[in-house]
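Report on the structure given below.
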Amino acid sequence: METFPFSSIPNLPLFFSMFLILYSIAYSIVFRNWSPKIRPEACSCFISLFHGTPAVFLATFAIFSDQNRGFSSPNTKTQNLVLDYSIAYFLTDLLHYLVFFPTDVLFIGHHLATLFVFITCRHVVFHGSYAILTLLILAEGTSFCQNVWTLASARRHDNQLAAKVYSNLSPYFYAFYSVVRGIFGPFVLYQMGVFYSSGVADNVIPRWLWISWMCVVITAIGVSILWISNLWVELFKEKKAKLEKEL
C-alpha cells in the first residue's frame with residue numbers, strides 16, 4: 001500500500017512550516033505594495049485567516065466525533081491534531097510579534113499564555129481538550145470578521161473601499177464579538193470552574209494546572225471585554241460627532 005508522503009512527518013513541524021510559508025507569501029507577494037508600517041500586521045491577519053475559521057470547523061468535528069467527550073476526558077487523535085494546528089499558528093504569530101513588535105507586551109504575553117494552555121493540554125496531561133477546544137471555537141469564531149475589520153481599519157484612511165467596509169462592518173462585528181466574548185465565553189468558563197473545582201478531574205488534570213488554565217482564560221476574557229468596550233465608546237463618539245456635524 002502506497003504511503004502518503006507527509007504521513008510520517010509529525011503534525012506540529014508540518015503545520016508550523018505551513019504557517020511560515022503562508023506568512024512569507026503574504027509578506028513577499030500579497031501585501032508587497034502595502035506601507036511598511038501596516039504590512040506586518042496585514043501578514044499576521046493573513047495567517048490568522050488560515051487558522052481561525054478552519055480551527056473552528058476542525059475543533060467542532062473533533063469534539064463531536066468523541067462520544068466520551070467531557071471536561072476531563074482523554075484527548076483523541078483528532079483533538080490533538082487541532083491542538084497542534086493551533087500551537088503552530090500561535091508560534092508563528094509569536095515569532096511575528098518578537099520580530100516586528102518586540103515591545104508589544106500584551107500580545108506577546110497573550111500568545112505565551114495561550115501556548116502554555118495548549119501545550120500542557122496536548123503534551124503534559126493529555127486530557128482536557130474538550131474544554132480547551134470549546135474555548136478555541138469561541139475565541140476563533142469571531143476571527144474572520146476581526147481580520148477583515150483589522151485589514152479594513154489599516155487602509156481606511158487611504159482606500160475608499162476599505163473605509164466603507166470598516167464603517168459598515170464595525171457595529172456588526174462589535175455586537176457579534178460582544179455576545180461571544182461577553183456571554184458565551186463566561187458561560188463556558190463558569191461550567192469549567194464548577195466541574196474542575198469539584199475535584200473529579202484532579203487525578204488526570206492537577207489542580208495547579210486547571211487553576212492556571214482558568215486564570216489565563218479569565219484574563220483573556222477580561223482583556224477582550226475591555227478592548228471591545230473601548231471600541232464601542234469610540235464608535236458612539238464618532239457617530240455623535242458625525243451627527244453634530246450634519247446638524
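Every residue, even glycine, has its Cβ placed from backbone N, Cα and C.
What TrEMBL records for 12-30, 42-64, 94-118, 130-152, 172-196, 208-228 is transmembrane segment. The feature domain 'TLC' is assigned by TrEMBL to 37-245.
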Quiz item: Are there residues at least 6 beyond the ends of the transmembrane segment (208-228) whose Cβ is under 8 Å from a Cβ of it, and what are they?
Solution: 106, 110, 113-114, 116-117, 120-121, 124-125, 128, 131-132, 135, 139, 174, 177-178, 181-182, 185-186, 189, 192-193, 196, 201
Quiz item: the transmembrane segment (130-152) vs the transmembrane segment (42-64): three or more C-beta pairs under 8 Å (separation of 6 or more)?
Solution: yes
Quiz item: So which residues does the transmembrane segment (42-64) touch in its own chain, when a touch means Cβ under 8 Å and the partner is 6 or more beyond its ends?
Solution: 19, 22-23, 26-27, 30-31, 34, 76, 78-79, 81-82, 85-86, 89, 92-93, 96, 129-130, 133-134, 136-137, 140-141, 143-144, 147, 150-151, 154
Quiz item: Across the domain 'TLC' (37-245), what does the pLDDT come to on average, as a whole number?
Solution: 96
